[in-house]
Amino acid sequence: MNAKIVNTLNQPPIAGPFLVFNRLQWAELRKSVPLTLTEQDLKPLLGINEELSLDEVSTIYLPLVRLINYYIEENLRRQTVLNRFLGGQHPKVPYIISIAGSVAVGKSTSARILQSLLANWPQARKVDLITTDGFLYPLADLQEKNLLQKKGFPVSYDTPKLIQFLADIKSGKPHVKAPIYSHLTYDIIPNRFNLVNQPDILILEGLNVLQTGNKAKTFVSDFVDFSVYVDADEALLREWYIRRFLKFRQSAFNNPHSYFKHYASLSEQDAINTATNIWDTINGLNLKQNILPTRERANLILHKGADHAVQEVKLRK
């Protein structure tokens with residue numbers, strides 16, 4: 001008896017709760033979605049260490065935006081049903097997308113690209129972007145609590161304040177304040193805020209947005225409708241962090257207002273050694289202990305290769 005051969009070339013394999021796509025399989029899901037970004041539009045969206053192409057936007061981000069819009073439309077239908085059931089029109093509930101992942105993986109770039117693409121979708125939705133950096137404790141507080149070496153770890157965030165911010169957003173409150181963080185001064189900017197005024201979509205980008213924990217009853221992830229984890233092998237993340245540190249040494253660290261201005265005078269080898277030590281004792285440790293364990297909680301995982309291009313996409317079923 002001859003066995004029947006089934007062509008599964010274009011079918012994604014199943015890995016536990018995820019469907020797994022290679023670049024080609026994922027790119028096919030773009031369908032006819034138009035690319036609204038140009039090379040000129042793309043440049044300001046990139047991080048200091050990235051050279052993302054329009055091909056990457058077309059291949060990876062357009063299918064993702066198409067998927068997210070399906071989810072948003074379904075969410076709007078549920079809100080309509082609820083309003084009908086309750087017999088009135090209630091404040092719209094913003095759709096919250098979280099972007100998680102390690103330091104130096106390119107979360108901020110992914111968040112800015114998604115913001116631009118979603119805002120230029122035919123429905124012309126209002127899309128705001130907030131980073132959780134603004135909810136770090138002020139530098140003086142971290143120093144007083146001896147937490148400077150734990151900056152970026154869950155303990156360094158004012159999590160109740162972040163949760164209250166998200167609760168206000170989800171309740172439809174107007175003009176919700178988000179504190180602003182300065183990477184130059186390494187601190188919260190006093191009396192400066194971003195105002196979030198009833199967006200259709202809020203993108204929340206940060207290291208620990210998928211974090212749960214043992215003591216709290218409410219988590220940041222409880223307010224998130226769709227979560228993305230930007231992933232890469234640790235050896236690559238370490239390399240990217242060191243490369244970024246060297247670029248900052250030649251640029252931002254030279255600013256007299258920079259918290260890290262003392263690094264500007266380091267030799268290249270001393271700078272590499274310093275960055276390696278920071279990675280091994282802080283960022284790499286945070287990745288292993290707090291960030292990486294949350295990866296499987298995401299709705300979608302983007303796994304990057306050596307050139308920052310996404311090689312594999314995992315989508316929760």
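The backbone N, Cα and C atoms fix where each Cβ goes, and this holds for glycine too.
Noted in Swiss-Prot for the protein shown:
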- Gly101, Ser102, Val103, Ala104, Val105, Gly106, Lys107, Ser108: ATP binding site (BINDING)
### Query
Here are the binding-site residues: Val103, Ala104, Val105. Which has the lowest count of other Cβ atoms within 10 Å?
Val103
### Query
Of Gly101, Gly106, which of the binding-site residues has the most Cβ neighbours inside 10 Å?
Gly101
### Message
Let me check the 10 A CB neighbour count of Ser108 (ATP binding site). How many other CB atoms are there?
### Response
21
#### Entry: Non-site residues, in chain order, whose CB comes within 8 A of the mean position of the CB atoms of Gly101, Ser102, Val103, Ala104, Val105, Gly106, Lys107, Ser108 at ATP
Val230, Leu237
### Task
Select one residue from Ser102, Lys107: among these binding-site residues, choose the one with the most other Cβ atoms within 10 Å of its Cβ.
Ser102
### Query
Any idea what DSSP makes of Val103 (ATP binding site), helix, strand or coil?
coil
